[in-house]
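Worksheet for the structure shown next.
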Amino acid sequence: MVGTGGPVATFSVWDYVVFAGIILLAAGVGLFQAFRGRKEASSEEFLLGGRQMTAVPVAMSLTASFMSGITVIGTPAESYRFGSAFWIFGFAYAIMSAISAELFVPLFYRLGVTSAYEYLELRFSRPIRIIGTSMYIVQTALYTGLVIYAPALALNQITGLDLWGVLVATGVVCIIYCTLGGLKAVIWTDVLQMVVMLAGFVAVIARGAVLQGGLTKIWEDAGEGGRLQAFDFDPDPLKRHTFWSIVVGGSIMWAAIYAINQSQVQRYISCKTLGHAKMSLYVNMVGLWITVTLAVFSGLTMYSIYKNCDPLSNGDVATPDQLFPYLVMDILADFPGIPGLFVAAAYSGTLSTVSSSINALVAVTVEDFILPVYKDLTQKQVSWMNMGLSVFFGGVCIGMAGVASLMGSVLQGGLVGMIIGLVLTLWVGIGGQIYPPTAEKTNPLPLTTAGCNNTIGQNYTTITPWTSPVTLTPEPDYRPPLADTWYSLSYVYFSLLGVLTTIVSGLLVSVITGGCKQDKMNSELFVRKNDLTCFSWCNKSKESDITEKPSANICMGADNPGFKEDDVMSKDVEKNTRL
């Protein structure tokens, strides 16, 4: 009986057929785009889609890129265990979209860069650019490995899918269409994958509504279980999720992803006009709202079904990541092919993130490391290099999945600030993993096994409503003083901590070393009043600035302080020669 615990069915033949069909369809979309654009083999076409993309597909790609398999599986589990507070991230998405669209998009678009880290060289120096790119490559490779491995492990243990077979297949599919099709293939494949992800959530919610007697019943159960108390205005930065931690910390965290992450920057600068680039961020905001709403409501549906028999406390699943796959196999196994749709949704998120990462890693490697050194490469050589690096980084990402399975002056100021920010963020992040915050700070909501047919859980505490929270893992015997203060800082504030530390320490070092005393910088390296949408709308005479493609001439305009005509000519000649 659904919702009463015990083992669930595994994949049927039709589930495998649906799962394989959707993955192959995604690969087919990528290959179609590859053959469609074979005549245009330029590096700009491969890495930026020829800068001819429009707002809607780019927006869907932006949304899909960071709605990974971890998100598809993890967000419903978050809502099930901690309530609907995660939905407040919708406010953070709105703030992030405005910051990215109005401040960062015009800047990168005007500069006409391919790698976001080129800005670091223009603003600071080449060593800073190299350090930034190197950090990005390491971080992205590690993150992508985790994105491949974590959903595969959770799905393997519930559905019976072969773990390493799926891992390798994921990497191979991404490598094929990334290598042959470039950014266009990635974007249009993301569009399909976004639709599949949303369809997976809708299928779960629809079936749950039928079983529970309607969406109203699900909502009522969530309210009775305390899952709708989303707005906690406690300013304590140590509490895991509050209104302030999500809105303030979450806005900075997501702005760091969408405003300056190469994977996202590469998408919006591929748009054919600045207007399309800005619009892609705002349409993406709506996509994020829809996605997080469906994910959170999927978690509330799961709570309504398991309100009397928590699979985690009952021992039916070993980790929270397995809760949502367990629900899918529990309520949808009677409909052959539908569980396959859900698993395809989870893997669509994985494919989207992996393909985006591969394409971005190729872009920064070529633009930041290779072309500045080997300036005489022909277009054909660069094209082959792009494809070869796609295969290489695809292999690296698969390798990192294997690693994940084993894991448990202005120049001086910028460099020192970056290092200090990184060290502090790593310190608090690693400390929080070794000494997890107590339940007083994470606020897990009550769950029970009173309605289970068979209670398997041996070392779990059954909870009566609104008493002490469950302890899922034994706490360390010794907790240092920092464990309940510094190490308990909400993860949402990590990005804010890193940003503030980097800026403050960088400015202090600059002041001390006299780095702030320098010639006037090129104004094109900063945000201008005319970059803001409100000013561009009011001043129609500037409309040509919005519709014009990015170019080095705009970036280094003759009306800017410090402008040298020779710099423009040499930059243009260099780009034309190598591309």
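Note that Cβ sites are derived from N, Cα and C of the backbone, with glycine treated the same way.
All annotation found in TrEMBL is predicted automatically rather than curated by experts.
What TrEMBL lists as transmembrane segment is 16-35 (among others).
Taking Cβ pairs closer than 8 Å, the transmembrane segment (55-74) reaches residues 146-147, 150-152, 154-155, 186-188, 190-191, 193-194, 197, 200-201, 257-258, 263-264, 267-268, 270-271, 276-277, 279-284, 287-288, 291, 295, 320-321, 324-325, 345-350, 352-353, 356 in its own chain, all 6 or more past its ends. The transmembrane segment annotation in TrEMBL covers 55-74 (among others).
Annotated transmembrane segment per TrEMBL: 86-109 (among others), in sequence order.
Within its own chain, the transmembrane segment (130-151) has Cβ neighbours under 8 Å at 68-70, 72-73, 115, 117, 120, 167, 170-171, 262-263, 321, 346-347, 349-350, 353-354, 357-358, 360-361, 364-365, 368-369, 393, 396-405, 415, 418, 422, counting only residues six or more beyond its boundaries. Sequence annotations record features per position, and here TrEMBL assigns transmembrane segment to 130-151 (among others).
Look at TrEMBL and you will find 163-183 (among others) tagged as transmembrane segment. Long-range neighbours of the transmembrane segment (163-183) within the same chain, counting only residues 6 or more positions beyond its ends whose Cβ lies under 8 Å from a Cβ of the stretch, are 23, 26-27, 29-31, 33-35, 37, 45-49, 53, 148-149, 152-153, 155-156, 189, 266-267, 270, 347, 350-351, 354-355, 358-359, 362, 386-387, 390-391, 394-395, 397-398, 401-402.
Residues or ranges marked as transmembrane segment in TrEMBL: 195-215 (among others).
Annotation comment: TrEMBL describes 242-260 (among others) as transmembrane segment.
According to TrEMBL, the feature transmembrane segment maps to 281-306 (among others). Here the transmembrane segment (281-306) has Cβ contacts under 8 Å with residues 2-3, 55-56, 59-60, 62-63, 67, 71-72, 75-80, 84, 86-87, 89-90, 93-94, 96-97, 100-101, 105, 194, 197-198, 201-202, 204-205, 208-209, 211-212, 217-219, 221-222, 225, 227, 258, 268, 323-324, 327, 330-331, 447 of the same chain, all six or more residues outside its ends.
Annotation source TrEMBL lists transmembrane segment at 326-346 (among others).
Residues or ranges marked as transmembrane segment in TrEMBL: 387-408 (among others).
The annotation transmembrane segment is assigned in TrEMBL to 415-435 (among others).
The transmembrane segment feature in TrEMBL is assigned to 491-512 (among others).
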Among 16-35, 86-109, 242-260, 326-346, the most Cβ pairs under 8 Å with the transmembrane segment (195-215) come from 326-346
Beyond a gap of at least 6 residues from its ends, the CB atoms lying under 8 Å from the transmembrane segment (16-35) belong to 169, 173, 176-178, 180-182, 184-186, 188-189, 191-193, 196, 337-338, 340-341, 343-344, 347-348, 351, 355
Would you kindly list the residues that approach the transmembrane segment (326-346) from elsewhere in its chain, counting only those six or more residues past its ends and only Cβ-Cβ distances under 8 Å?
-> 2-3, 8-19, 22-23, 69, 72-73, 76, 151, 155, 158-159, 161, 196-201, 203-204, 207-208, 211, 301-302, 305-306, 311, 316-317
